[in-house]
Amino acid sequence: MSSLHPPRLGSFSAFPSVPGTPVHSIQSMRRKGAGHSGPLPKILVANRGEIAIRVFRSAHELAMHTVAIYSYEDRLSAHRQKSDEAYQVGKGLTPVAAYLAQDDIIRIALEHGVDMIHPGYGFLSENAEFARKVEQAGLAFVGPSPQVIDGLGDKTKARTLAMNVGVPVVPGTPGPVASYTDGDAFIKEYGFPVIIKAAMGGGGRGMRVVREQSDFKDAFERATSEAKSAFGDGTVFIERFLERPRHIEVQILADAQGNTIHLFERDCSVQRRHQKVVEVAPATHLPEEIRQAILSDAIKLAKSVGYRNAGTAEFLVDQMGRHYFIEINPRIQVEHTITEEITGIDIVAAQIQIAAGATLPQLGLTQEAVTKRGFAIQCRITTEDASQNFQPDTGKIEVYRSAGGNGVRLDASSGFAGAQITPHYDSLLVKCTVSGTTYEVARRKMLRALVEFRIRGVKTNIPFLFRLLTHDVFIGGKTWTTFIDDTPELFKLVASHNRAQKLVAYLGDLAVNGSSIKGQVGEPGLKEEVVIPKFQNREDPINGPPLDASVPCAVGWRNIIVEHGPEAFAKAVREYPGTLIMDTTWRDAHQSLLATRLRTIDMVNISKETSYALANAYSLECWGGATFDVAMRFLYEDPWERLRTLRKLVPNIPFQALVRGANGVGYTSYPDNAIYEFSKKAVENGLDIFRVFDSLNYFGITVATKLQMQLGIDAAKKAGGVVEAVVCYTGDVASPNEKKYTLQYYLDFVDQLVKEGIHVLGVKDMAGLLKPEAAKMLIGAIRKAHPDLPIHVHSHDTAGIAAASMIAAAAAGADVVDVAIDSMSGLTSQPSMGAVCMALEQTSLGTGIRFEDIQALNIYWSQIRLLYSCFEANVRASDSSVFDHEMPGGQYTNLMFQASQLGLGTQWTVIKQKYIEANELCGNIIKVTPSSKVVGDFAQWMTSNSFSKEHVIERAEHLDFPSSVVEFFQGYLGQPVGGFPEPLRTRIIRNKPRIDGRPGATMTPLDFKKIKADLRSKFGKHITDADVISSVMYPKVFEEYQGFIEKYGDLSVVPTRYFLGRPDVGEEMHISIEQGKTLIICLLAVGPVVEGRAQRDVWFEVNGEVRAVSVEDKNSAVETVSREKATDDPGSVGAPMSGVVVEVRVKESQEIKKGDPLAVMSAMKMESIVSAPVSGYVKRVLVHEGEN
């Protein structure tokens, strides 16, 4: 609480006095009451929040001592601290009832020497009984007399008064309506629509618009219940509801001597739920004759009742320009601030001085002296989510940064970091008022102010306010009372990024729990910043300055694709005299060595340099395969954004992706149009070459419909991509013992691919089985059969012979071979780029890649390999046993890691043997994802159960096989070479259906527009067409990814050492979130586990400001209790907001229909009905009335 009193000002006037008139001194009204402790007069504010603070400020300027009251729930609220004294009121009462405890409020006032009580707005501000008790206690009431409040506070009496003095009113009931049946006569005479209004209050509470008879009873009950809760009186009346009127109100000031003036009008037409959202003073586009008539009627009404103090006369203006009186609010209004801004008059100070006995002339307030200048706009910033029907939000404000500057005024209470927003009171957070010389200047100033606000931790209506202020109707100043409800485009909101706080939340979780990235073991091996090496100058390598890679290289093989198309590209590749390379570092290399965990940022950081160093490369493999789903599943990145970003930085080298035929980049079957749409989007986003394969070499030449590879080939061609159709290699064509995968088998398969009009042939050796002699035989035979066909060979170095095989393939006629940067090569990856390029250098098969550039790239990737060492599978040497088990390179690494995770690491040799047996049980199949996964799952299952091959065959009918194995034998992956082994197939699938042909051929085409609409409804407007494809390929993964970025934001910009490693206390992290915007974040401290909750508070310094986040400690032994959460089942109905359950309308086993009310909830003084989303029977009710 404040410990500094304002200075004694003696005789004080809030406004210049009129010459010759005595100035009233507030000091003269000093009451000699109980608890008198000083010379300053005391004022108690019987209210809370922003309005209490507003009164305290004016009172301090008037040299007064201030007293606050607060409920138990408000014990940490700002208004308690802004006063000189503060006392709890209504102990044991509900949060709202505490502020309605009249006798307790007066007791506090008397015990502590208070002289006057200001009621603020809401609560008891329009309660004549309270005003009467205040005066009976010998205290001054800052407001009208009890008699006037009786006459005007009751809206039905006010209507009668208006009619008596000739002021037009909206047709309504002659008095209060006791029950909904009493309103029938009025409705029969005037019809619908009607509006039900609380007789004793305002602010939108206790109001309901009713348009149909069927809604009348429920609306009446809700209005009376709200009125009772908010004002202590549930009396209501009914009026005819005007369509699209303007809401114009007049600010009145009057003294006890009968002097009455207006402070001009305000336009309060922008409302929702009859609660004002944005107010403007003065009203725009209001004809002068109407303005003057309204001002005159306001004065007439106030004088007719002997009004005293501040009040507001409210009118509706219909579309014909006719105005109707609706009520006088006998109190200060929320929007009084805009009147103060255009008149320069402190209305609250005037209220206090009038209550102390001052006259308006003594305060210098005559009608002639009151002038207006410019325009003012007020926005009520609330903790409401406009995208969710303005549901009030609750929680802790984690970040609060105010607007400010010229012409900006803020009136707030809970606006500070750490404030706890509860459901007990209204959702107002801060009132932002701006003023300018014109309406447009004020509007633009408000937009600037809204942009300056940073409020994190709770949702606010700022995005909605911004949308509202930029709408053409608001810009034109011609709104009406239902403008928000009538304008659905206002809800096309652009959410704030909230990037810093989301990032801090992630770093906080990292600090408490360590990395949550699956497969990570320990911390990154490199904690320092990665150094970008210097590359030699192209023109003068010896004496010239280092390469300037600020702009990407523009020369490369991709230019041919862009300018002349895929056919011209293939022709040029075939005509190239040397050997071209594809670098797999950005895809298969890290998939094979580092569990596919390489992040986009680490490719981006070397991308421009790569565009120069590998300008003569055939392609960069950077997409497809496992990278697509792993990007979302484990790295929380958008694979499409990776493609787009890299494309901008490397415009000259073709990008290549590995695509699973009719499965795209997924592991299951999809409708055909999904694959065509995927291919189209891939090309649009920057992909050039589709390496299309099938995991079983399933081509399907005997049926009319396109099968696995045919569909993938056709989709890539129609998208405009280069089609590199792949023959997957297994076995050994050089062995006389090879009976299944012979040289003739491969030549026949290639012939079928060529007939499909492919551009390039890929030979994909997934396991590194292609020996140099076999490469010579196979590539030589293909080259002889198809002299004009470009051939691209891929292998893995598991056995250590891949470099020799690639050199042999090049010598036999291959146009392109796959390699990886030295530090990302070898073992289960591809052969060394440096080794292959140097071996071919100074021969006719040279690659055109400079040795110095390879070494520079290697310096970078050596650091990256160390950075990602926490994902290494500990493969330390070549393993020639691959010629027996035939595991693909990436699977070899992953299976070894999975085995260790399952506790089978010591049985690695056994697993390899079981892999051989599992392959034999499957029929000696082609093994590449997803068929390799089938064999791997089979092998691990056999190992963990100690099953032999013979045991599986004998007991197949009684064993529970892995689902991937069952689906393989059903035919979901297609047909293996030579067919399925029988009778094992029948024994495994039993009575499950057999899939003949391609599974996706009979699937219903997808409706992409509907999917996009559904995704936008669920996740927001940021969903793109590419996102739709991600969701189609991986629905659950995509949903989890969206949930992650909603919680933590886009972390793809975070350097990997911060993304994977626990931050150290005191470590300063520089994180660029966009061009020109860098966050400087420092971990300050990690707090202890909060008592009773498994949470820790973590403190950071963000750009010099301290921020705190609460993080669940996943290793804490504290047992937490939480409510059961609603599931995705349409019959599982969760609370739409935090609040109090006012009424439960159903019981268990009760039959209900869709739309029936289940319960009534109240939050922030507003009641909402929770309706049944579907028809059915109530199974369980997990709440009870009164539950919070």
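Cβ coordinates come from backbone N, Cα and C, glycine included.
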Note = From candidates Asp583, Asp588, Asp602, Asp960, TrEMBL puts in the same Mn(2+) site as Lys764, His794, His796 the residue Asp588
Message = The ATP site in TrEMBL lists Glu239, His274. Which one of Lys133, Lys155, Lys372 belongs there according to the record?
response = Lys155
Inquiry  = If I take every residue in the domain 'Pyruvate carboxyltransferase' (579-855) and average their pLDDT values, what number comes out?
reply    = 95
Key: Span of the ATP site, taken as the largest CA to CA distance across Lys155, Glu239, His274 (Å, rounded to a whole number)   = 15
Listed recorded positions among Lys155, Glu239, His274, Arg331, Arg660, Thr929 whose Cα sits within 10 Å of Lys764 (Mn(2+) binding site) = none
Request  = Round to the nearest Å and give the CA-to-CA distance linking Lys155 (ATP binding site) with Arg331 (active site).
outcome  = 14
Note = Smallest number of other CB atoms within 10 Å: among the binding-site residues Glu239, Asp588, that is Glu239
Message = DSSP secondary structure for Lys155 (ATP binding site), reduced to helix/strand/coil, please.
response = helix
Query = 10 Å Cβ neighbour count around Lys155 (ATP binding site)?
reply = 24
Note = By a 10 Å Cβ neighbour count, the lowest-scoring of the binding-site residues His274, Lys764, His796 is His274
Query = How many Å separate the Cα atoms of His274 (ATP binding site) and His794 (Mn(2+) binding site)?
reply = 69
Remark   = Whole-number Å distance separating the Cα atoms of His796 (Mn(2+) binding site) and Arg331 (active site) is 82
